[in-house]
Amino acid sequence: MFTAIQKYFQKNTQAAPLAVFRVLFGFMMFLGIVRFWANGWIEKLYIQPKFFFSYYGFEWVKPIGNYTYIIFAICGIAALFVALGYKYRVAIIVFYLSFTYIELMDKTTYLNHYYFISCVAFLMIFLPANVYFSVDAYKNPRKAFQMVPKWTIDSIKLILGIVYFYAGLAKLNSDWLFNAMPLKIWLPSKYDLPFLGDLMQQPWVHYTFSWSGALYDLAIPFLLLYRRTRWFAFALVIIFHVMTRVLFPIGMFPYIMIVSTLIFFDTGFHRKVIRFISKLLRIDYSKMVALSQTKKYRFKRNIALPILAVFFVIQLLFPWRYLAYPNELFWTEEGYRFSWRVMLMEKAGYAQFKIKNTETGEQFLVDNTDFLTPFQEKQMSTQPDFILEYAHFLGEHFEAQGHENVAVYAESYVALNGRLSQPYVNPNVDLMKQRESFRRKNWILPFNDTIKGL
Amino acid sequence: MKFLKFGIFLALVAANITACSSDSDGPEETDDAFDRGAMLANWADNIIVPAYTSFNSKVVEMEAATSSFTATPTVENLQALRAVWKEAYVSFQNVSMFEIGKAEEVRFRNRLNVYPTNVSQIEDFIATGNYDFALPSTIDKQGFPALDYMLNGLAETDAEIVVFYTSNPNAESYKTYLTTLSQTIKGLSNEVLSSWTGGYRDAFVANTSSSASGAVDKLTNDYIFYFEKALRAGKVGIPAGIFSNGTLPQNVEAFYKKDISKELLLEAINASVNFFNGKNFNGNSNGASFKTYLDYLNTIKNGENLSALINNQFTVAKNKANELNANFVEQIETDNSKMLATYDELQRIVVLLKVDMIQALDVTIDYVDADGD
């Protein structure tokens, strides 16, 4: 057993798939940043709001006014350098840090897809993705190699497999499978799609989408791994992600996933891709290849493997942390994020905050639009950690204004997956007295229903 | 074999491109069970345009009565003007929620009904003659609340009010201000109505797209925003002191006229109920609306009968509002708990609209990437 493992880590393979992955990933990230910028979202999401929601422990990560544009510029340039394979190690570290910083600035914009990109970028710091078909390799033939350890490519397959498989596991619940929720809410509103608009109204379509979505997520990593099913699987990947692109506002992610799954294809395919890119950019392909030594790339210090081993153990275990909380996950969202729960539920909410002077009993309600953007208010009203952080912000804001003995109460309602709205947080609990922590939030009112499954 | 695969790939890419570009193109007609185009047509043709037409005729009358009064400032003419002002103000409650298109562009509600009105600055404007109602900073010196002050708030008795327009050394300036107020309202009303009748109606009805810029999503957001901010908070919550330490009776709508605040509220609630049910503005028939849309979606979802819950809550709130004094200033000063009770019932409607209805309709709030979790 041990020797088998040792043997596996000795195995080498062609570097081409890793190089193609680097080029496409860097290029997609660059496009993603340009798109974000062009949509005016930097201004809208990171400069205009007066208040930003922080992740627990990362309260120090904030937008820096107009300089926030510089972070995006750095991130975009780093992505381009990654694509070119120019000063790769520095570029990928800078990309990872700047991209992660951007995502940590305001959790209102949390998307699993952004987390996915941070994970892949972290992984890529430790991979020799620049030894082939890169500026680094071109400029310094001693850094050019044709072979890399097999596990480096497999590690990317593994992270992709985890994303899909866990997203599939998360769908194994009664709302998704037996009530076709939330697709029953989402799909009918796509009435204006050409050809598909009418179909989107049909319950059998909602169930078909629910079940096939779950099956797709669970099966696709395995279908991609086996040579015989690979092309079929790739066709499924395209159909699935094109559908999600058409139906849901998830931006670049479908394209990133389609491109990422190319890593499963063998070297011959990637050579063709490299030849194609070379032709497009008029690079002398044969010269590029001739430069690479037939030698194998070797890791100088042996830190990459242990770090990545820890990384993957965390990846495998972290999504299960919700089991440590007693209440319904979808209702309390304790342990919901960073677990590949993608497009999984529909929540709408309303939260009204009351500032009370505990001595005199004087009280008044807060107009949320004074402090939050519509998008922030929407996200805040359904997620307890947002409600708590905002309550503290309000309390401190009004204390600074000279109010005394400030207590903050929230009257809130949430509707989950088409159920009728019901009270969400305990309106009699002074939220100023509650602290954010990993402990369960006992001020969230009970869900009064059960969702069975994982 | 390879060509086949490549062909499939290309076909899918092409399908994707056409699907994505449909975001901006005019969507094709669909004949699924609920026709949003028909709902938009019902809204425009049977509710919005008739309501604006009716409002506009009142505003024209008001402007005429203003001319008569400034030409001959008598107590009778003042009372006549006040009567049409009131009618126009009541009529305004039927159009205030449609802040879309031209109305949104000119900030119709802000131009016509920001209260409390700023009395000291109005007096300043009259004294200096220096004002431009197009400036955003002047929204609390114009519209119906400013007219309220000019017609009801200058003095205790009608005879004393008329003096401001006759023997007051600044009488000419008072007349000019009054005229400008009336004319500005008429101008804005005319602008919005002629935009609806002059082509915006067709653009509105055709904009059936399911996105933050689609007409259904936009007007739904406008409707709920109006109900939450202008109706629930503006007419009841703010004066009742919900958002402040202590009550704010001076923030009552039509503060100087005093005895019509309840009538304005009830008219606004009625207008909201009627719009929800798609009731024809000039008749009793109901057309496609939020109600029929929710009922249709519920045939798919099989959940609670949301439209009935909302209609019931509308009735409860209306009954509570009916218990109030015609004059909210008196109501607040004698027994504010009734105002608070009305607010609570209105608040329940807000929750039903903003949480349950928004979820059922899957209305988009804004254009940003979000994976709905």
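Cβ from N, Cα, C; glycine included.
So that you can see what the record holds, here are the features copied from TrEMBL:
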{"type": "DOMAIN", "residues": "A:10-269", "note": "domain 'HTTM-like'"}
{"type": "TRANSMEM", "residues": "A:20-38", "note": "transmembrane segment"}
{"type": "TRANSMEM", "residues": "A:69-102", "note": "transmembrane segment"}
{"type": "TRANSMEM", "residues": "A:114-135", "note": "transmembrane segment"}
{"type": "TRANSMEM", "residues": "A:156-174", "note": "transmembrane segment"}
{"type": "TRANSMEM", "residues": "A:204-224", "note": "transmembrane segment"}
{"type": "TRANSMEM", "residues": "A:231-248", "note": "transmembrane segment"}
{"type": "TRANSMEM", "residues": "A:254-274", "note": "transmembrane segment"}
{"type": "TRANSMEM", "residues": "A:303-323", "note": "transmembrane segment"}
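Counted as Cβ pairs under 8 Å, contacts with the transmembrane segment (A:114-135) are highest for A:20-38 among A:20-38, A:204-224, A:231-248. Model confidence over the domain 'HTTM-like' (A:10-269) is summarised by a mean pLDDT of 94. Count of Cβ pairs under 8 Å against the transmembrane segment (A:204-224): among A:20-38, A:69-102, A:156-174, A:231-248, A:254-274, the largest is for A:156-174.
Ranking A:69-102, A:254-274, A:303-323 by CB pairs under 8 A with the transmembrane segment (A:20-38) puts A:69-102 at the top. The transmembrane segment (A:254-274) makes contact with the transmembrane segment (A:156-174), as judged by at least three Cβ pairs under 8 Å among residues 6 or more apart in sequence.
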